[in-house]
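As recorded in Swiss-Prot, the features of this protein are as follows:
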| type | residues | note |
| --- | --- | --- |
| DOMAIN | 20-149 | domain 'RNase III' |
| BINDING | Glu62, Asp135, Glu138 | Mg(2+) binding site |
| ACT_SITE | Asp66 | active site |
| ACT_SITE | Glu138 | active site |
| DOMAIN | 175-244 | domain 'DRBM' |
| REGION | 225-249 | region 'Disordered' |
Amino acid sequence: MSKHSHFRDKKMFQKKAEQFKKFQERISVQFQNEKLLYQAFTHSSYVNEHRKKPYEDNERLEFLGDAVLELTISQFLYAKYPAMSEGDLTKLRAAIVCEPSLVSLAHELSFGELVLLGKGEEMTGGRKRPALLADVFEAFIGALYLDQGLEAVVTFLKAYVFPKIDDGAFSHVMDFKSQLQEFVQRDGRGILEYKILQEKGPAHNREFEANVSLKGEVLGVGSGRSKKEAEQHAAQEALAKLQKHHMKQ
């Protein structure tokens, strides 16, 4: 099937082709088989309204993309957090690939503008529907995998997803104090000590600063709206420092 045959008419083809061209330039990805790219953004409602045309919706690509996304995220987390338990790795991965996270990524990359929808779905606001956008993101990952392989998917995720993990966007599901404790105990390094360094701000907007030390050496410092949050951030910094040192050995 040609690229042109995926659209209703020549005018629509030219408009969409230009949109997809700019999209690929923006994300620094060039599909070898653009039919896969178009399919990733084709909703079943569009196919149902054009049964006489050989259109394919994105549902099979979504199925594949879901598995590819879980694999690549799992590989990244396994390498990045050597002290994290299987249970915590699973929770973190779930937070990264859950619908709200994928919708946020889809919005960030303007996926909604490219989706091909049936008239009925369009009229009922389907273009902004969270589940639809999450599905399109997974379908895009599946299409990229088929077009260029796992390495291309990892390169894309390095640009748009992995930095968010590094920046702590999903830290709300992570218990850094427990991870740090496990890391230290595993190597028999000693006992961790947490200390609240200061409290500042009015009672309704208090901020705490804490550090964590091992055998007198400060490993991390953190701040937060509660003592617990400050200690978690201190543990996060300490864990990152110890893991970086561990990986260099």
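Note that Cβ sites are derived from N, Cα and C of the backbone, with glycine treated the same way.
Annotated features, which come from Swiss-Prot, shown on the structure.
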residue	record	CB count, 10 Å
Glu62	Mg(2+) binding site	20
Asp66	active site	19
Asp135	Mg(2+) binding site	26
Glu138	Mg(2+) binding site	24
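Asp66 (active site) and Asp135 (Mg(2+) binding site) are 9 Å apart (CA-CA, integer value). The region 'Disordered' (225-249): residue composition by secondary structure is 22 helix, 0 strand, 3 coil, according to DSSP. Excluding Glu62, Asp135, Glu138 themselves, the residues of that chain whose CB lies within 8 A of the CB mean position for the Mg(2+) site are, in sequence, Asn58, Glu59, Leu61, Phe63, Gly65, Asp66, Ala134, Val136, Phe137, Ala139, Gly142. Residues of the domain 'RNase III' (20-149) grouped by DSSP class, helix first, strand second and coil last, total 95 helix, 2 strand, 33 coil. Averaged across the domain 'RNase III' (20-149), pLDDT for the predicted model comes to 92.
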